[in-house]
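These features come from TrEMBL:
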DOMAIN    B:19-245  domain 'ABC transmembrane type-2'
TRANSMEM  B:20-36  transmembrane segment
TRANSMEM  B:56-79  transmembrane segment
TRANSMEM  B:100-127  transmembrane segment
TRANSMEM  B:139-159  transmembrane segment
TRANSMEM  B:166-187  transmembrane segment
TRANSMEM  B:224-242  transmembrane segment
Amino acid sequence: MPSVIEVRNLHKRYGDHVAVHDVSLSVEEGEIFGILGPNGAGKTTTVECLEGIRTPDGGDIRVLGLDPARDRAEVTRSVGVQLQDGQLPERLRVAEALELYASFYDTAADWRGLMDSLGLTAKAKTRYGKLSGGQKQRLSIALALVGNPRIAVLDELTTGLDPQARRDTWDLIEAVRARGVTIVLVTHFMEEAERLCDRLALIDAGRVVTVDTPAGLTERAGMGQRVSFRPSAPLDDRLLTALPEVAAVTRDGERITVDGDEDALNAVSALLARQGIVAQRLRVEQASLEDAFVALTRHETEGK
Amino acid sequence: MATWRLVTIELKLALREKVGPLWGVGFPLVLLVVLGNVPSLREPQEVNGGLSTFEIYVPVIVLFNLAVLALIAMPNALAGYRENGVLRRMRTTPVGPVRVLAAQLAANLAIAVAAAVLVLAVAGIAFGVRLPGSLPAFLAGWALVTAALLSIGLVLTALAPGRSQATAFGTVLYFPMMFFAGLWIPITQMPPWLRDVSHYTPLGAGMRAFQEAYEGGFPSAQPVLTLAAYTVACAAVSVRWFRWQ
């Protein structure tokens, strides 16, 4: 697939503070590309350079073959943007905002349909200042999509949304992608990244740590399973630590927690069966993207 | 299309905002009606060249309206847009923030025109104040003052860090400027040195241009040059220092 966004060695500083050291990535047409990282990692600065509202201090950016800093007009026509802190006039009504923004584009989407699919029709006449955080967020997403963009850059997509609204928004984003729109998603929300993104760039301290699929990232972090349970009869820790699959055993009252590799659960179950002990309230945790995130960003810090 | 929609939206927002309509249009009209009902102000005065104090106040009230819109309402709205990221958001669209600024100017201009027509009409119909001797000359003077004031309003917006400072700067500037327009003491009754100072302030120069128009003549070189100088200088400063975010 051809890449629609190409970033090479992006560098951006504000005075003495370097926000982005060196970021290179490429986004392919039609994918949902996540930019994940802790607060202050340089995610927002990176996408703002893509959008053309910040000028990089170094490196090269191509969006649909164009330089966003120089060919701003052209880029704004094909890139829909949701800003993290982008706002509207307090007294502007929802329908007015959508109609206004639709008038900015030659090939605008049907703004009424968009308003409907984002559940804003009931609020059509409500002023922006009177909307809840979630409603503002949904309006902001609608405005990013109203120009029928080829690429949508969404910064902190579901921050401030309740769980139901968050899931609805995810469905909407998947529907938008199904229409062939490439989506760049800035997030620090793991569940969202795992659910939506085809590929993720993990950014930490202004550098790309790694780019991979969510599953690939989890695997790369090299993390196994965590098994915890309450034994029905006393169990000697040494029996557990003797297992090659087990790395560590901790006790919290009667509850035993075993950390091990991906076969830890099988090994522990077999041991318990041999001892005639039943594991009560058994809980197994797979390493999640979140664990991978913590592990990978920690490696990076230690590496320096 | 987009530009036209922006102007209508800005106009709607300005009306909803209430600062402009209330203080820029409503209050001057009330002031006009109140002053018009004070009998002593309606009597011709020797010092005013045979005009009544009320008649002298009519153009002052037109300036009052312009100054509120240009120095308070507009900087308040624009600095608010910058503070809330409205201008920043516009930078990501094909339309861009310059047109928002232009739409703001156009909306305030429209309100100012409506208010000026209203003030002159009420003064003429309800209180029998004669119209300026030369309407085109009055219009020319009005356009010059308006350009100067909007330019000053843009400087306030450019230099104020945030919305509250923009409003504060505007209000602080507003009172001395209105003083020199003769809101408290008519210019003709000022001591000569104060009158000279007044002629070189934006509103004092504006009053002079209005006075000349009432007498049937086009604005003379002094007010024209003064107002043009304010317009050009302030426009240059705001172009140089305006921040979109």
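Glycine is no exception: its Cβ is also placed from the backbone N, Cα and C atoms.
From a predicted model like this one, the values you see are computed outputs, not experimental measurements.
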Message: I'm a bit unsure how to read this: which one of B:20-36, B:56-79, B:100-127, B:139-159, B:166-187 has the highest number of Cβ pairs shorter than 8 Å with the transmembrane segment (B:224-242)?
response: B:139-159
- line: Checking B:20-36, B:56-79, B:100-127, B:166-187 against the transmembrane segment (B:139-159) for Cβ pairs under 8 Å, the most are found for B:56-79
Message: Looking only at the recorded stretches B:20-36, B:56-79, B:100-127, which one has the largest tally of CB-CB distances under 8 Å to the transmembrane segment (B:166-187)?
response: B:56-79
Beyond the flanks of the transmembrane segment (B:56-79) by 6 or more, those residues with Cβ under 8 Å of it: 13-14, 17, 19-20, 23-25, 27-28, 31-32, 35, 41, 48, 101, 104-105, 108, 111-112, 115-116, 119-120, 123, 129, 142, 145-146, 149-150, 152-154, 156-157, 160, 162-163, 165-167, 169-171, 173-174, 177-178, 181-183, 186, 188, 203, 206-207, 210-211, 214
